[in-house]
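Visitor: Starting off with a structure, shown below.
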Amino acid sequence: SHLGLTGTKLGCAEGGCGACTVMLSKYQPHLSKVHHSVNGCLAPLCSLHHCAVTTVEGIGSVAGKLHPVQERIAKSHGSQCGFCTPGIVMSLYALLRNNPTPRMADIEEAFQGNLCRCTGYRPILEGYKTFTKERSCCGGKGMENGCCMTNRVETKGYTDEMLPAPLYNPADFLPLDPTQEIIFPPELMSLCKGQSSQQLRFRGERVLWLQPASLDQLLELKTQYPNAKMVVGNTEVGIEMKFKNLLYPVILAPGYIPELNTIQHTDEGIVFGASCSLTLLGDVLKAAVGKLPLYQTEVFNAVLEQLRWFAGLQIRNVAAIGGNIMTASPISDLNPVFMAAGCKLTLMSKGGERVVVMDEKFFPGYRKTILTPEEVLLCVLIPYTKKGQHFAAYKQSPRREDDISIVTSGMSVTFAEGSTVVKHLALSYGGMAATTVMAKNTASRLLGKQWGEELLQDACSSLAEEMTLHPSAPGGMVTYRRTLTLSLFYKFYLTVQQKLGAYIEGVRDDYISATEIYHQTSPSSVQIFQAVPDGQKEEDVVGRPMMHLSALKQATGEAVYCDDIPLYENELYLCLITSTKAHATIQSIDTAEAESMPGVVTCVFAKDIPGSNMTGPIVYDETVLADDTVTCVGHIIGAVVADTQAHAQRAAKAVRITYQELQPVIITIQDAITHQSFFQPVRTIQRGDLDQGFTQADHILEGEMHMGGQEHFYLETNVTVAVPKGEDGEMELFVSTQSATKTQSLVAKALGVPASRVVIRVKRMGGGFGGKESRSTTLSTVVAVAAQKLKRPVRCMLDRDEDMLVTGGRHPFYGRYKVGFMKSGKVVALEVTYYSNAGNSMDLSLSIMERALFHMENSYSIANIRGRGYVCKTHLPSNTAFRGFGGPQGMLIAESWMSDVALSLGLPAEQVRRLNMYIQGERTPYSQILDHITLDRCWDQCLEISSFTQRRAGIETYNRDHRWTKRGLSVVPTKFGISFTAAFLNQAGALAHIYTDGSVLLTHGGTEMGQGLNTKMVQVASRTLGIPSSKIHITETSTNTVPNTSPTAASASSDLNGAAVHNACEILLHRLEPYKTKNPKGCWEDWVSTCQSYTVLFLIGWTPDLGYDFETNTGRPFNYFSYGVACSEVEIDCLTGSHKNIHTSIVIDVGNSLNPALDIGQVEGGFMQGVGLYTLEELKYSPEGYLFTRGPGMYKIPAFGDIPTDLTVSLLRDAPNDKAIFSSKAIGEPPLFLAASVFFAIKDAIIAARKESGLSGPFRLDSPATPERIRNACEDRFTKLCPPAEPGTFTPWAVVV
């Protein structure tokens, strides 16, 4: 920010999201010049001595010249909110600097450390595929008879006329010319070549950084400072200092010492200096594997396999092999491999040198090694494997890419010459104790035994006894982790058995898949949409795949987000003080230490609020700042205001608060049910005669399901800049919010001034997804109060861990159901009860429960139905709106009972779903008649384009032939109601200015968060006014232009604001009509230059007949419905619980699309967010209400590798919607639930696995379907050896909330 280079973004501060990626270039004589991507958030400034840093601004700009990397991500529609875009751009740029024609696999590897929450990744990969060797449209697959896209689609029943023009034309892209890149600064090269052997010393406010130039200097310093931390990549120490509040006063940086960077090939193996990066380690081992005999490189291959999934490339580029060993992490990916391989470590101090074998004695305790304080790790010998030795390594983690492990393992067996008798066995595990451990008892027990079934049984029973965990062990998942120790050994057993084919019977054909190493297939995709009609004017951009208006700016880092606003001259920074207790009274607050710290200006508490301390989006049941009681961990108690962010954050940690804890502490839904802790009212929707329905039914079944919550994980955290204007209590706030008007009213309430004195301005958000609809005000009000108190501008951008702690997320749901159905599968009666975990305040929870009830039947017609919803009041941070707003929870539980019905009858699930689906003219449980229903068309088309029948037959064959991997298939429909359920919110406004030069400035009530709302509004205005879109500009959303706006939410923003823009522009056209009549041959500029009325504010009240009465079950809650169907195929690993998404076909009704590129982007992005919700993302709370998952290290959203290998998205043709602007339909929320097709495909695969163990019929699978849940559901001989502890006999590490 000091240089004004704000393109590089801060997304997490822990190297887990890639938003801060920059390119680091340094000259090292032994490596020549090196360009590599790094995480800016973890790179210490002191480490950049003699380095060149290239940020996104350094490679191109909109104002100057775009770099092809920037242009292609924008024009291929790969940038939505844009906050992650600069990091993705720089990851690829660094790759291209080293390899101008990469393979697709290289690009996928380059993106392992980057996350995107908006796009669903497909357009990014597709746009950047144009740089690769596989850049032809057929992806290098050598397909015959022309284009692969045409061939694939035609085989799915599409004709040529149904294939529109592509979303973009690669021929328009700028070519990449490697000769035109910026060079490595010559002066830096001269400095590097001529650098002396003097050490560097940097002294900061609290830390001394020492960079020795020689090994002798390092050993001298280690003697002088024995407790100093050694830092090469800062990937561990950086995290500890930032998040664990640890301070290391002295840091030694040995990264430039030659002896620590050397690589030697010896007779025993390869010796790596301890400062060698993991990327260099991988490169050297790959080269060795390519040259050496296969039998010698098994350890090397095992290390390479672990490195494939070790963090992201940005981390591997800087993290050192020695640092990985010395951090002594109990879940290290590499230490079990080094331990099982018997790697030798050379340790050195001033007193001399010693060599130790890395064995079970090397880690004497948690995060400890046998090194003395004065010793350093000089190098690591990774040995060759010998003849008769077999080696493998395994890692199991929640997400395959860039994830910390649950259990890791290194396994080595050596056989007596010419036999299958075990001579030596080493089994090393991470994740099974406070240190990396060896299964010594099991290994010794198996010595001298033949490799066979008897050995396997002995090994499993022994491992089950030896690898135990206390039921309360940190990290949880105890049963799963214990099972994994057996499952991973079994994989090793089969792998070795396969290699011993000359001596013993080979592996059964149906078992071989358990030995296969995962290989990622580059994804392929098809997008189908309706082309604009013949004769539509070229300048009429409605219906065309127009690029997001901000995409180019986002790709160059020139797009301005809230925290990019330049610092005001006297600006201060605020940091929150939050509760560490879930339910307690505040007894005292001691700020003495904090206020004495450097830079601190003041502390802010409830007594400083000039207006009302009561707040909330609907009901004022929250406090701006806690007064005397806290009701959750993360409850905002106060704030520290200081001159810098670092000073404010340090001081906030120094505030001492004493509490008196209160009872009960209600954390989970089950706690709330026990204590009857519910918000009122309890909502009910009922239709038909339930008793009669159950009497009529041939079968009745009951079940239950829990669905976890979800963190929004917008890449830009909540941020507010508050600027007092100095008179009349006026204040201007720049806020990242979806709800400018609600922010205005709540800030004014807290300040005690009329709303007219407060102006809220929103340029753009780096993602929102509902998380910035109401919870953003929790920060804005505090910042405004501080700014008012000090009469100075105040800024705060929450760190990721703060944001995840205080802002809440999607509501966890628990559902109980009783369903009556006929032998045919027709459901005739349903009783369902929902419980949601609302947290400590009402927020929007009642409306969310109402929408869950409105979607309790999903797409199925049920004559007799009753749904009841309880909103649970708990001691968690208040949960809030999230894309789908209760719909995804209600519909998932509906699909759960639908799945149970099919399972209990032994009928195909798709047959039962189709039988029960709504048809035209039927009535919903809330008495709304369905018209213009396109569900059947979506269903039939989805089955067709997914080749469902052939796919099902292929899966049945696959499952017969494979015991330890199974495939599953599911097709799931959705019916999503469009409108705010609070009728008064269904309104919008627009303000249009026409200037005398013919340009148009447009403002509307919606906010831009990446969904392309501003782009669509420009398209609407362009068509209505009949002028090119280039003449129309939208600058921002503000409360002083369009007042009293609804939040940008409920998928309705294009409908509402589009109608307002359209009407405003029509009024202006009407005013221009006399001038057009007078001058029919004139042009737009002629007419507007003579007209005297250029501005229209149009407020539109939309569809006044909307509304619903729960008491009478009458009304019309929704203006219309969006329909869609998805078919997904997955493959699960029955031994580990991992799954891969093989195929998804989506058909969705968006009416006449305003912009197919944006709509397909919303479909894919929403779908992938749903994949996270239903299969990956898991919030973990302690029984005391503390949130463990507070960043990308522990909370995993989908990554690039999680998208379906084969993805088809089709926007339904010829389905105009007469209830919205230009016959379009809402698109933001409906696609998310379609990811339930992946969840139920996983369940289908689990059914096949359970069948192998003789299990059939309905079973409970809660959401998300994590590897733990999948593995535990695939019951077999290994799970029986690891039974779970009895509930109630222990306190779990984490609870299901």
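Even glycines carry a Cβ here, placed using N, Cα and C.
TrEMBL lists these features:
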- Cys12, Cys17, Cys20, Cys41: [2Fe-2S] cluster 1 binding site (BINDING)
- Cys81, Cys84, Cys116, Cys118: [2Fe-2S] cluster 2 binding site (BINDING)
- 202-387: domain 'FAD-binding PCMH-type' (DOMAIN)
- Phe310, Asp333, Leu377, Lys395: FAD binding site (BINDING)
- Gln738, Phe769, Arg883, Ala1050: Mo-molybdopterin binding site (BINDING)
- Glu773, Arg851, Phe885, Thr981: substrate binding site (BINDING)
- Glu1229: active site, proton acceptor (ACT_SITE)
Visitor: Quick one: average pLDDT across the domain 'FAD-binding PCMH-type' (202-387), no decimals.
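Guide: That region's mean pLDDT is 96.
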Visitor: So around the [2Fe-2S] cluster 2 site, Cys81, Cys84, Cys116, Cys118 aside, which residues have their CB within 8 A of the centroid of those CB atoms?
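Guide: So the extra residues in range turn out to be Ser79, Gln80, Gly82, Phe83, Thr85, Arg117, Thr119, Leu715, Gly766, Gly767, Gly1010.
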Visitor: Within 8 Å of the Cβ centroid of the [2Fe-2S] cluster 1 site residues Cys12, Cys17, Cys20, Cys41, which other residues of the same chain have their Cβ?
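Guide: For the [2Fe-2S] cluster 1 site the neighbour list reads Lys9, Leu10, Gly11, Ala13, Glu14, Gly15, Gly16, Gly18, Ala19, Asn39, Gly40, Gly87, Arg800, Pro1192.
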Visitor: Suppose we draw a 10 Å sphere around the Cβ of Gln738 (Mo-molybdopterin binding site). How many other Cβ atoms does it contain, all chains included?
Guide: 28
Visitor: Only counting partners 6 or more residues apart, tell me which same-chain residues put their Cβ under 8 Å from the Cβ of Lys395 (FAD binding site).
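Guide: Long-range Cβ contacts: Gln306, Trp309, Asp333, Ser405, Val407, Thr408, Ser409.
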Visitor: Just the number: how many Å between the Cα atoms of Arg883 (Mo-molybdopterin binding site) and Cys41 ([2Fe-2S] cluster 1 binding site)?
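Guide: Roughly 29 Å, rounded to the nearest whole number.
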Visitor: Take the mean position of the Cβ atoms of Glu773, Arg851, Phe885, Thr981, the recorded substrate site. Which other residues of that chain put their Cβ within 8 Å of it?
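Guide: Counting only non-site residues, the set is Gly770, Leu844, Ser847, Ile848, Glu850, Ala881, Gly886, Phe980, Ala1049, Ala1050.
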Visitor: Within 10 Å of Cys116 ([2Fe-2S] cluster 2 binding site), Cα to Cα, which of the binding-site residues Cys12, Cys41, Phe310, Phe885 are there?
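Guide: Checking Cα-Cα distances against Cys116 ([2Fe-2S] cluster 2 binding site), none of the binding-site residues falls within 10 Å.
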Visitor: Out of Cys81, Cys84, Ala1050, Glu1229, the recorded positions in the record, which is closest to Cys41 ([2Fe-2S] cluster 1 binding site) when you go by Cα distance?
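Guide: Spatially nearest to Cys41 ([2Fe-2S] cluster 1 binding site) by Cα position is Cys84.
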Visitor: For Phe769 (Mo-molybdopterin binding site), which of the listed binding-site residues (Cys12, Cys20, Cys81, Cys84, Thr981) have their CA atom within 10 A of its CA?
Guide: none
Visitor: Round to the nearest Å and give the CA-to-CA distance linking Glu1229 (active site, proton acceptor) with Cys118 ([2Fe-2S] cluster 2 binding site).
Guide: 12
Visitor: In Å, how long is the longest CA to CA span across Gln738, Phe769, Arg883, Ala1050, which the record gives as the Mo-molybdopterin binders?
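Guide: Site span for Mo-molybdopterin, by Cα atoms: 12 Å.
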Visitor: Within 10 Å of the Cβ of Cys12 ([2Fe-2S] cluster 1 binding site), how many other Cβ atoms can be counted across all chains shown?
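Guide: Total other Cβ atoms inside 10 Å, all chains included: 26.
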Visitor: Which binding-site residues (Cys20, Cys81, Cys118, Leu377, Gln738, Ala1050) fall within 10 Å of Phe885 (substrate binding site) by Cα distance?
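Guide: Candidates kept after distance check: Ala1050.
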Visitor: Among the binding-site residues Cys12, Cys17, Cys84, Phe310, Leu377, Thr981, whose Cα is within 10 A of the Cα of Ala1050 (Mo-molybdopterin binding site)?
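Guide: Near Ala1050 (Mo-molybdopterin binding site) by Cα: Thr981.
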Visitor: Measuring Cα to Cα, how many Å separate Cys20 ([2Fe-2S] cluster 1 binding site) from Leu377 (FAD binding site)?
Guide: 31
Visitor: Tally every other Cβ atom lying within 10 Å of the Cβ atom of Cys17 ([2Fe-2S] cluster 1 binding site).
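Guide: Counting Cβ neighbours of Cys17 ([2Fe-2S] cluster 1 binding site) within 10 Å gives 30.
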Visitor: How far is it from Phe310 (FAD binding site) to Gln738 (Mo-molybdopterin binding site), counting Cα to Cα, in Å?
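Guide: If we compare the Cα positions of Phe310 (FAD binding site) and Gln738 (Mo-molybdopterin binding site), the gap is 36 Å.
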Visitor: If one measures from the C-alpha of Glu773 (substrate binding site) to the C-alpha of Cys84 ([2Fe-2S] cluster 2 binding site), what distance in angstrom results, rounded to a whole number?
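Guide: Taking the Cα atoms only, Glu773 (substrate binding site) lies 21 Å from Cys84 ([2Fe-2S] cluster 2 binding site).
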Visitor: Taking only the Cα atoms, work out how far Gln738 (Mo-molybdopterin binding site) lies from Cys118 ([2Fe-2S] cluster 2 binding site), in Å, as a whole number.
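Guide: About 16 Å separates the two Cα atoms.
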Visitor: Hey, which of the binding-site residues Cys81, Cys84, Cys116, Ala1050 is the loneliest by Cβ count within 10 Å?
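Guide: Checked Cys81, Cys84, Cys116, Ala1050; of these binding-site residues, fewest Cβ neighbours within 10 Å: Ala1050.
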